[in-house]
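Annotated in Swiss-Prot:
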ACT_SITE  E138  active site, proton donor/acceptor
BINDING   R110, S111, S112, L113, A114, R115, D128, V136, L137, E138, Y171, K178, Q182  dCTP binding site
Amino acid sequence: MRLSDRDIELWIKNKKLVIEPIPNKELIHGVTIDVRLGNEFYTFCNKFNKNIDLSKSRNEISKILKKVMNKKHIIPNDHVFLLKPGMFVLAITLEKIFLPNNLVGWLDGRSSLARLGLMIHATSHRIDPGWGGNIVLEFFNSSNMILSLCPGMLIAAVSFEILSSPSIRPYNIRKNAKYFNQSEVTFSRIDQD
């Protein structure tokens, strides 16, 4: 069962669901809470051989990832990041979200942005029970236009669903919780699988 706007407000008030900064009621609608774009972006190095061979050893994959993912951009609040056609970048939400063990979150892009060709997440829209941190966004511009993205703009919406029972293996207690408590754009850690 998904939380309604009333339930989202109650869960935040009772600190069962932690969102920092605490959202204004204007950001909570129906069954979602709007999240805003942070100011950190990572782009991929264009000068590198673009083949990432995932069949290689962890160590070899790690070396390749360090070469290809190395351009961090911090955009001031009154500036924009230009997302060119066909460009894939990682970005981050302004909000930090911490889920309890009995709640799963779902990240969805905004329809108005999708109609301009902006994809918010490549495949990973589930936010696991026990997960916490800033959400890393996987932007792709599928249009033929440059899209200007401004820190603080509404970028996505998150809904929350109550589990049938609390998870016995929530994200925050896993040995390999690679992305727990992330506060900046975090590269792929596929080399840690």
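Quick reminder: no glycine exception, Cβ is built from N, Cα and C everywhere.
Swiss-Prot feature annotations superimposed on the structure.
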residue: R110; record: dCTP binding site; contacts (Cβ under 8 Å, 6+ apart): I120, L154, I155, A156, A157
residue: S112; record: dCTP binding site; contacts (Cβ under 8 Å, 6+ apart): none
residue: A114; record: dCTP binding site; contacts (Cβ under 8 Å, 6+ apart): I120
residue: L137; record: dCTP binding site; contacts (Cβ under 8 Å, 6+ apart): L37, L90, A91, I92, T93, I120, H121, I155, A156
residue: E138; record: active site, proton donor/acceptor; contacts (Cβ under 8 Å, 6+ apart): F88, L90, M119, I120, H121, A122, T123, S124
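Under the three-state DSSP scheme, R110 (dCTP binding site) falls in the coil class.
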